[in-house]
Amino acid sequence: MPGIDKLPIEETFEDSPQTRSLLGVFEEDAAAISKYSQQLFQAMHRIYDAQNELSAATHLTSKLLKEYEKQRFPLCCDDEVMSSTLQQFAKVIDELSSCHAVLSTQLADAMMFPITQFKERDLKEILTLKEVFQIASDDHDMAINRYSRLSKRRDNEKVKGEVMEDVYTARKKQHQTMMHYFTALNTLQYKKKMSLLEPLLGYMQAQISFFKLGSENLTQQWEDFLTGIGTSVQNVRREMAGEVDVMQQTIQDMEQANDLLYMPDPDLSLVPVNRNLTRKAGYLNTRNKTGLVSSSWERQYFFTQGGNLMSQARGDVAGGLVMDIDNCSVMAVDCEDRRFCFQITSFDGKKVAILQAESRKDCEEWIATINNISKRIYLSENPEEIAARVNQSALEAVTPSPSFQQRHESMRPSTQGRPPAARASSVSSAGSETASPALSVLSLDALVAPNTPIQFDIISPVSEEDAGQAKAVGLGRRTNPFGESGGTPAEESEGSILHQLFIAHFLGCMEVKNADSSDIIYETMRQILAARAIHNIFRMTESHLLVTCECLKLIDPQTQITRLRFPLSSVVLCAAHQENKRLFGFVLQTAEGRVDGRPIIVCYIFESNNDGEKICDSVGLAKQIAFHSEMDRKATEKKKEQDKAKEKQQEELSKQKQIEKDLEEQSRLIAAFSRPTPLAAGTDGQFLVLSNSQSEDSVAGVEGREKGESEA
């Protein structure tokens, strides 16, 4: 290396202008070194931070790859090849993460430590010495000025001595400070070279060590693995390109084929109506009544499923049952404000739906499809061929409906004539829906415990006489399959503290073996939902669930009649579904009902419009209030019993005192009459006659004395 410039320490005592000028050059060099070192420190610190971030990101990537097999993707969740491949990648990246962690440690020790030491220690030392030297130089100049202004008179010897002492001290301090300052500036010329070379040397050595460590870990086996993965990626890319070409061709073909269908009302001569359908789906507008005269239209997606007409709003996961279209009637109708409308009426005439299609073709196809389903053609092996033979001469599929009762009696098939593959039809609102193995070829043995029926409705069929009596009375009580009577007294819940009303849909209930934990509610939910899906039972009875401190009530929202009443003391368990929060259930336990005396435990399952946990919390709050009320009642009764006992005791004491008082009075009377009483003579010589009261007292005294003697 070339020679290094130095400040002459020997000339510090003279402090000549040449020395000060040379010192200024060294100070400018020190300032430039400080500025450049700060920039270099920031650049190297960015390298260090980036390496730390790379190490953390690599470790996170490895962790996420290891957790891939735990993910639950809706599609391709069982790809074992992909999972194993990502696990191997995770292993390689984990090793790379370890290498990056080692590199971060080496950079911290070999690169950041030297330059940080130079910046925080050496450069700060130069700045500190510069400030001290400047102070010492100013003090020396002030001492020299005072010394120069000394007077020639001898009486100032004391002042002269003090000034000379100040000059001595200031000059010595300046000289020593200047020497140390010069030494630090000279040393800085050497440290400047070391502070630049040591961090770079450490950085290069850390990188070389990292590359060596990586080459040792990434062996030929990993290279072969990566080559195979690259080949697989290329194959997937080629497969994707071929699939994209097929999809593009499909798009072109469909655009050409459906060009006429883009029109909302295509020409029937160009797009003929297909009257042989037994399944159809599409968007329809349904009319909903909003008042006595007014109505609104709502667009929904409708589809047929077996003998059911289903609807599904956009965003819903599954569809809901609109009506049972087995043996129904369908016809085109004229609406004042809408075109292409048709009307569907259930077999018993109790339910009517008016729908609007987008075009005349769509309207006629819906009518034909529902008409074919109503004739139960969908149950045959070749439904389209049979529908073609039935409708070969029909231009419009309109089903007349002169009398719903006649149509029901003539077209409703018997149970024996129903094919085995037929689905379980929904029961009307006048009857209860009970799952039975005869309704479907599917067996419920795998879902429901043997000999355990499931009840799907809370309204039992009533006889015609009971129905007539209910109409005559006005607000009659309706029976239900659980033995509860409707129409509970209003005063029953007037004194209750808690009144909370929820909208609930009854899904079903079944008898269970125990009520030990919430698992029995979850299992009952699973079995009831599975049974509904198997038997195609979609109708749910809507009720108002009233939670009070005495009981739970299911109230008919239209008639306000109590369908079911559950005493709160019989509700032993209540829980909501862990995933679907709208599902909740509770377990009811009764002590009587069996011949052997064992309790009956029944689990009821509901679906709420609100959060099921809120309903369960409300039930729990009601039970707590009822418990505290019962405790208060018992405490009040106990206090009343204690008060009665005290009153009885007081009465006994008063009776005892009265008896003692009577005995004392009798003793006094006996003592009074036991003394001899001489006959009193008047002044006129006649005897003194006693009054009636005195005679009676004397008789009583005698009788009492005789009684006392007899007792003695």
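Just so you know, glycine gets a Cβ as well, placed from its N, Cα and C.
The domain 'PH' feature in TrEMBL is assigned to 277-375. If you look up TrEMBL, you'll see 397-430, 632-660, 691-712 marked as region 'Disordered'. The compositional bias 'Low complexity' annotation in TrEMBL covers 421-430. Marked as domain 'PID' by TrEMBL: 502-653. Sequence annotations record features per position, and here TrEMBL assigns compositional bias 'Basic and acidic residues' to 703-712.
For the domain 'PH' (277-375), the predicted model reports an average pLDDT of 88.
Helix, strand and coil residue tallies for the region 'Disordered' (632-660), in that order: 29 helix, 0 strand, 0 coil [DSSP]. Across the domain 'PH' (277-375), DSSP classifies residues as 15 helix, 45 strand, 39 coil.
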